[in-house]
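Below you'll find the structure, written out as C-alpha cells, and then a few comments.
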Amino acid sequence: MARQMTSSQFHKSKTLDNKYMLGDEIGKGAYGRVYIGLDLENGDFVAIKQVSLENIGQEDLNTIMQEIDLLKNLNHKNIVKYLGSLKTKTHLHIILEYVENGSLANIIKPNKFGPFPESLVTVYIAQVLEGLVYLHEQGVIHRDIKGANILTTKEGLVKLADFGVATKLNEADFNTHSVVGTPYWMAPEVIELSGVCAASDIWSVGCTIIELLTCVPPYYDLQPMPALYRIVQDDTPPIPDSLSPDITDFLRLCFKKDSRQRPDAKTLLSHPWIRNSRRALRSSLRHSGTIRYMKETDSSSEKDAEGSQEVVESVSAEKVEVTKTNSKSKLPVIGGASFRSEKDQSSPSDLGEEGTDSEDDINSDQGPTLSMHDKSSRQSGTCSISSDAKGTSQDVLENHEKYDRDEIPGNLETEASEGRRNTLATKLVGKEYSIQSSHSFSQKGEDGLRKAVKTPSSFGGNELTRFSDPPGDASLHDLFHPLDKVPEGKTNEASTSTPTANVNQGDSPVADGGKNDLATKLRARIAQKQMEGETGHSQDGGDLFRLMMGVLKDDVLNIDDLVFDEKVPPENLFPLQAVEFSRLVSSLRPDESEDAIVTSSLKLVAMFRQRPGQKAVFVTQNGFLPLMDLLDIPKSRVICAVLQLINEIVKDNTDFLENACLVGLIPLVMSFAGFERDRSREIRKEAAYFLQQLCQSSPLTLQMFISCRGIPVLVGFLEADYAKHREMVHLAIDGMWQVFKLKKSTSRNDFCRIAAKNGILLRLVNTLYSLSEATRLASISGDALILDGQTPRARSGQLDPNNPIFSQRETSPSVIDHPDGLKTRNGGGEEPSHALTSNSQSSDVHQPDALHPDGDRPRLSSVVADATEDVIQQHRISLSANRTSTDKLQKLAEGASNGFPVTQPDQVRPLLSLLEKEPPSRKISGQLDYVKHIAGIERHESRLPLLYASDEKKTNGDLEFIMAEFAEVSGRGKENGNLDTAPRYSSKTMTKKVMAIERVASTCGIASQTASGVLSGSGVLNARPGSTTSSGLLAHALSADVSMDYLEKVADLLLEFARAETTVKSYMCSQSLLSRLFQMFNRVEPPILLKILECTNHLSTDPNCLENLQRADAIKQLIPNLELKEGPLVYQIHHEVLSALFNLCKINKRRQEQAAENGIIPHLMLFVMSDSPLKQYALPLLCDMAHASRNSREQLRAHGGLDVYLSLLDDEYWSVIALDSIAVCLAQDVDQKVEQAFLKKDAIQKLVNFFQNCPERHFVHILEPFLKIITKSSSINKTLALNGLTPLLIARLDHQDAIARLNLLKLIKAVYEKHPKPKQLIVENDLPQKLQNLIEERRDGQRSGGQVLVKQMATSLLKALHINTIL
C-alpha cells in the first residue's frame, strides 16, 4: 500500500499540467534546469526548461511569455523549435524541441571526445552561421552563443538553442550585482552595456571556435570578473598559435573590437576557411577527424625533432667556430706588455704554463719598497723550488726565453731573460696570481690584470744581485737603467702621489717627461752632492738613504703617513717596510693566534691605504684563497678584520674584484651578510661593502653577484629600522637599481619575481614610510644653508671604507687635540681609548660594533692601539691651533638656543660610539640612530677622524652655521662610487669644515642623552613640528635632499614591481602591504604621491588584483585625492585616480555602489560639466552609476545626474549609453521621483528631438532603451506620444532591418495601448495602411526577406486596431 502511494505521489509530482511528464535532468543553466519531458498526448520527447519566478515581476513575466509565443513562429533546421510555455506558482516552464545528442560543450569534454580538429569545427560552425543568418533576418539576436547552446543530432545536424529568452531573464532580475551568465563568450559592447547588436553574436562565434579547438573559451583561466575586464581591455582575445592561416584570419574578423567592423553571418559563410573546407556532413564523419589530427600532430612532432637536431648541430658548429676564433685572436697589447704579442696568440690551454706571466711587467720606476720586497720574495721562492718541479721549470724557462728574445731590445735581452727565470721560479712555487681562470672567464680580466699587477721587466738577475750588495757599497749607478734604455711604452705606474689613484688608473700613459722621474731626481741630487765635494758612499749607507728619502718624500711617498715606528731613523725605515710587509703577510694563517691575525690585517689595511701599489704585490704572491681560509675561523674579530682587508684590496679595482669572485669569494661573503643574533653589525657592514662593490664595479661582477643569489641578500639589507641601518638600506636600494639597469637578455620581470618572492615589497613600503618621515622632519626643521652657494647634492654613493674627504697632497685631517694617552691612530682616522669610552661602550672584542672610529667601518681598539701607535705624531694638531674651535663647542653644549640641557659634561660620549651602544635606560631601539648615519660621515675623500667631545668648555658658536657647514660636507663626495669626482678643498677650508663637524658631533652626543623624540617601529624619529629637542638636529643631520632622493628611488622601485607580470603583482596585493601603501596618501609630497597612485593604477589593470584592491579599501582611499584642486601635478594625480577607479568599478556593480557611497558622483559631475580631458574616465563611471544600486541612483538624482544624462543625448558617442542609463533609472524608480524629472517639458522635448535626429548607425541601438522607457512609465509614454513621438515611430516602419522593424512595432503597440485617444492615433497616422503594407511586402518576399516575426507582429497589431475601430 505504501509502495503504491509513493508511486502515485511520484507520478503526480512529475506531471506538468497533465500534459507533460518530467523525466531526468539533462542540463542546468544560470536561470534554471532542463529536464527531458514526454508529451502525454502524442508521445513526443521534449526538453522542458524550468525557470524560477522568485526575482521576476509580473510585468516582466508577461513580456517573456509574449516573447516565447512570438518565437514559436520561427522555424529553421539549425535552430531549436520553441513549442510553448507553462506557468505555475513558482516556475515558468519553457517547452523546447528535444535534441538527443546534447551540446557540443558536453561532447568535447576530456573524458569524451576531447577537442575537435579544424575540419570538424568547420562543419559545425558553418551550420551555426546558417542558423544565425536566419535569426538575424527575423530580427532576433541570440545573445548567448556558446558550445553549451549548440546542440547536435545523431546525424550531425547542429541546432542553436536558448536564444532570446535568457537575456530577458537577466534583464528582469535586478538583484544581480554584475554581469552574469557566461562572460567568456560575451562581446565587449555587451559587457559595457553600450548596445547589443547582431555583431555581438559574431564575437561569440569566434569564442566558440576556440572553445571547440581547445575545450575552453578565451580567458577561461581567469575568474569571470577578471575575464570580463580582459575582454574589454585587450585588443583581441588570445588566438592559439597552432591554427592555420585561414582560421586565424576568420577569428580576427570575429574579434574586431568595433562591432560595426565585424562582418555579418552571411558574409562569413563565404570566407575561405568555410568555403574551402565545407564537405558533405556524412563524408566528414566517416573519416575520423581525430585520427587525422593525431597523425598531423605526430608528423609535426617529427619535424620539430628534426629542426631541433639541426639547431643543436648549428649551435655546436658555432661554438667550434667561436673557439677557433678566440684561440687565434690577439689580446690587446698595452704599455709594458708590448713584448708579449706572440705568447698572447696561444690557445687558452697554453695559459696553464704561461698565462701567469703578467707579473713580469712592472716598470723600472716602481717604488723602492715594492722592488726590494720583490727581490726578497723572489729569492725565497727560488730557494724553495722542489726537485719535482725543476724539469718543468727548466722547460718553461727555455720556452719562455725563445718567445721573448725576438721581442726584447738587444741591450736588455740578457737582463730580461735572467729576470724571467727568477720570476718563473717564484711562480712555480705556487704563488702566482690566478690569471688562468680569469682568461677563461673574461679576456678583459686578463688584460686588466696584466696592467694592474706588474713586476720590473727591466730588472735582470744582475739587478737583483746588486740589491744584496754589502752595506758599505752605496753605488747608485746600477740602481737604475740609463734613460735611453727604457723601453718605449712603459708607464709610470707605481706613483701614489694622488690619494685617489687606484691600480687600474695606472694603465693610462704618462707624459714623456714623467718617465723615470725618480731616477732623474736621484741622479740630480747625487750629482749636486758630488759637485759640492761630498761623496755618496758611507759605511752604513745613511747618506744614500737620506738622498733616496729626500727624493721619495717629495715625489712618491709621504713617509710620515706610513704605519711604522716614528722613532726609527729615516735611513733604516725603508728596508724595514719590506720586512714588515713580509712578516704581516706571513701572519695571515689559520694556525696563528686571533690577535696576530687581526693585528696583521689591520696593519696591512693601513699600509694599503698609503701604498695602493702594494695590493698588486699581495694579490700576485698570495691571492685571495688564504684570506678565504681565514674567514672559516669562527671568531668575530678575525672575520671582521679579514673582510676589511679584502675590501681594501678590491676597493676601486675591478680586476682584483673579478678575480676574487672567480675563486668563490661571493658566496662566502654573502654568508656574513644575513642577520643573525650572534653576528655583529660590523661584520654585516663589511660584507655589505663588498657586495656594493660587486654591484657598482662592472657588469661582470654584477652578473656574478646575481648568479650567486645576490638579490635575496639585497632584500635582506632593507632593514625595518631605517635609522639604525641607513647605509644598508641605501645599499639595497642602489643595488636593486643596478640589477634592473643591467642590460642582458634576462627579463627585468625575472628579477622582480625573485625579489618579490623573497619579500622585498613589504620592506620597500616600510622603507618608503621611514624615508617619508625622515624627509618630513628635515623639511620641518628647514634644510641646511650652503655657504658657497651650492645645494647639497642628492647621492647614491657607496659605503666607502675610507670615507675620503681630504686630499693627502693638500692637507692632513685636522682633529680636536686630546692628551696622547686618550687616542690612537689607524690610517688617517683616530680612535678613542678604552679609558674614554668605557662609560658607554663595552670593550668586548667580540663586538666590533662598539669599536667604530669612523662611522661605518669596524676597528678594534685594543689591537689598533698596538698596530698604529708608531704613527701618532703624523696628524697631531696643537692645542693653540684648535683653541677657537674648541671654545665654540661650549656654547653648543650648553644648548643656549636649542634646548639641549647639559648633564655630566665631563662624560659626554663620542658621537659614533654613542650610536653604537644604547643607554641602559632606553627601551626603544634606534632612538637617535639617524645621527650615526649622518650623510658625509660615510663617504668622502679621506677618513673622517673619530669625533668626540672635549673635556674643555667651549664658547661661541652657532648651530645654524654648523649645520650649514655640515650639510655642505654631507652633500658632497663621491657620486656612484667614483672617487675622482670629489671636490678638492684647501687646507684652510677643510680644517674649518672638520671643526664644524666636530662641533655637531659633540652637540649630538650631549643631545642624545636628553632627547625627547622617540623612533617609531620602523626606526623613524617622530617629533612635533618646531620641537627644540633632537629631532631638529637630526633633520639637519640627515639631508632632506638625500632622503628625498632615496624616497623617489623607492617609489620608482615599487612602480617597477607594479608594472611587472601578474605573478609579481600578486605578491604586491597582500592586505597588509596595500593598507600600508594607502596610508601614505596623506603623508607624502605630490611627486611621491603620484608614483604611489601610478602603482595602484598599474595594479588595477590586472583583473586578478581587483578583488584584493577592493578588500584593502582602495576605492575609499583613492576618492579623497580627487579633492585636490590646485598645486603641482594635480592633473596627473587626478588622471591616475580616475583611471584606477575606472578599472576597479568597470562592470562590477558592488564596487560602483561603494564608489557612490564614498562620494565619487560630485567629482564625476565636475569633470563632465567642466569638459575636462579626464571626461573619458568620468563619463563611463557616471553612466554606470545608474546600474549600480538604488542608493547610487538616488545620489545621481540629488546631484543633478539626470540632467547630465539628458545633455549627453547631444553627444553622438555617449548618447546611446546615456539613454540606456535614463531607462534604467526609470525602470527602478520606486517613488516616481525620476519620472517627475523627465516629465518636464524640456526633458520630453530632448527625448523626441533625439529620436528624430539620431544618426542612422545608432538608430537600431536606441529602440530598446526607448521601449524600456515607455513600458516602465505610463505617464512618460503618454506625454511622448502627445508631443510628436508617434508619427516618428510610424514613419520609420519602412526601415529594412528586421530588428529595427520588430522593435518599432513593439513601440507602436506600447504607445497605442496607453494612448488617451487611440482612435485619433489610428486615423491621423493612417496606421492600418502602414501595417497592411508590411504584411503585403512580406507576402511578396521582395524587400522583407521572409521576416516571419515582423509579419506576425504586424498582423496581431492590425487585429487590435480593427477591434478598436469597430468599437
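Positions of Cβ are set from backbone N, Cα and C atoms, glycine also.
These come from Swiss-Prot:
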REPEAT    25-62  repeat 'HEAT 1'
BINDING   Ile26, Gly27, Lys28, Gly29, Ala30, Tyr31, Gly32, Arg33, Val34, Lys49  ATP binding site
REPEAT    86-125  repeat 'HEAT 2'
REGION    285-422  region 'Disordered'
COMPBIAS  293-306  compositional bias 'Basic and acidic residues'
COMPBIAS  397-408  compositional bias 'Basic and acidic residues'
REGION    437-513  region 'Disordered'
COMPBIAS  475-491  compositional bias 'Basic and acidic residues'
REPEAT    538-576  repeat 'HEAT 4'
REPEAT    577-614  repeat 'HEAT 5'
REPEAT    633-658  repeat 'HEAT 6'
REPEAT    659-700  repeat 'HEAT 7'
REGION    792-860  region 'Disordered'
COMPBIAS  846-859  compositional bias 'Basic and acidic residues'
REPEAT    850-888  repeat 'HEAT 9'
REPEAT    1045-1066  repeat 'HEAT 11'
REPEAT    1067-1105  repeat 'HEAT 12'
REPEAT    1112-1150  repeat 'HEAT 13'
REPEAT    1196-1236  repeat 'HEAT 15'
REPEAT    1257-1280  repeat 'HEAT 16'
Long-range Cβ list for Ile26 (ATP binding site), cut-off under 8 Å, min separation 6+ in sequence, same chain only, gives Val34, Tyr35, Ile36, Ala47, Gly102
Long-range CB partners for the repeat 'HEAT 11' (1045-1066) (under 8 A, at least six residues beyond its ends), listed in sequence order, are 729-730, 733-734, 736-737, 740, 748-749, 752-753, 755-756, 760-761, 764-765, 767-768, 771-772, 775, 794-796, 1077, 1084, 1087-1088, 1091-1092, 1094-1096, 1098-1099, 1102, 1104-1105
Cβ-Cβ distance under 8 Å, sequence separation of 6 or more, same chain as Gly32 (ATP binding site); the residues meeting this, in order, are Lys49, Gln50, Val51, Ser52, His91
Secondary structure split (DSSP) over the repeat 'HEAT 12' (1067-1105) reads 32 helix, 0 strand, 7 coil
So Val34 (ATP binding site), by the Cβ count within 10 Å over all chains shown, scores 19
Using a 10 Å radius on the Cβ of Lys28 (ATP binding site), the other Cβ atoms enclosed count 11
The correct DSSP tally for the repeat 'HEAT 13' (1112-1150) reads 28 helix, 0 strand, 11 coil
